[in-house]
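Student: My questions will all concern the structure given below.
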Amino acid sequence: LSVSITSTGMGLSEGFWHHEYWLPPGATWEDMKESADVHYPQPQNLLLCIPGALLLIIVRCIFERTVALPLGRRLGVSDKRRPKVQPNATLESFYVLLGRTPKKGDLVSLAKQSDLPVKKVETWFRHRRAQDRPGLMKKFCETSWRFTFYFTSFFSALGLLYDKPWFWDHTVCWLKYPQQPLPPALDWFYLLELSFYCSLVATLPFDVKRKDFKEQIIHHIATITLIFVSYCANLIRFGMIVMLVHDASDYILELAKILHYMKWKRVCEAVFIVFAVVFIISRLVIFPLTTYYYFVTKFQLFLLSCLINIFLMILQLLHIFWSYLIIQMIFSVILHGAKRKDARSDTEESERSEAEDLAKN
């Protein structure tokens, strides 16, 4: 039985890695055979992203406690004082088990069970939700970590690639595909990026939940898939372009958020406009031109190219969605003086009622 299972597993593995799925017509894995002087991508190396993601999570925790937290305090970032909730076993049980926002009928029932007016039950749930909302300092620490990584990643990639003609010259790049050696530095860079996005997925349930939570999950999965398949198929230039285009605007957005938490409104607005320009140019112009055009026109259709096209389309739809939110915010908030609120901000209730409750206390 064990022999049968082993042979079945080997058959599935061989079928999964069949060259016709991963490489263009006429190419085989033999074309990417390593030698002492020539290095090609080794798919098994990507398994290192698991310990890599765990390591990044540990580094992040240390960074947030030893760097971001003291820095935030020095810059004047502090959590708002919130009303305290009186302990109530009945209401707490409903809050934990059945929902954070009870309907009108539930409020009446809970008021009877607790021997409290309906108004006080409503206030209790509002304050209880406020307690669970992340504080400003938590947001500042998370944003500082992402800013540090995106900034370092983007400029490190530029430093690695600025003098590489095979990267910038499209003709040279596609001429000998897939027989294109992989520089060790890019190998490690790929692993770092994959580890980072895996760490983001792992920490999503614990991070500040934002309005575009579902879109973020889709984005991370699409990015991880593209990094994985582009590495395995030796589409290194293609993958580096995707990562560069994304990192180009991400660190500017995180900087704008940091300035927002510091309440530097004018500087924040100026940085956000810079972010909007870079985002729209990089993701609605550069991204489709440098990925769709060259990838679709230079490759014959095969299984992997079809999969990549699907995920590229998903990313592009997300780019359009976020561009719409960004433009909407610029017109409604900055140009018309509306209430300042990040179009991709955290999911929060209005804090007006909290301020009124605190004033009463």
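Using N, Cα and C of the backbone, Cβ positions are placed for all residues, glycine too.
Just so you know, TrEMBL annotations are computer predictions that nobody has curated.
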Student: Looking at the candidate ranges 303-320, 321-338, report the one that TrEMBL labels transmembrane segment.
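Tutor: The range carrying the transmembrane segment annotation in TrEMBL is 321-338.
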Student: Is it possible to list how many residues within the DNA-binding region (93-136) are helical, extended or coil according to DSSP?
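Tutor: For that range the per-state counts are 32 helix, 0 strand, 12 coil.
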Student: For the domain 'TLC' (138-335), what is the mean per-residue pLDDT, to the nearest integer?
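Tutor: Residues in the domain 'TLC' (138-335) carry a mean pLDDT of 82 in this prediction.
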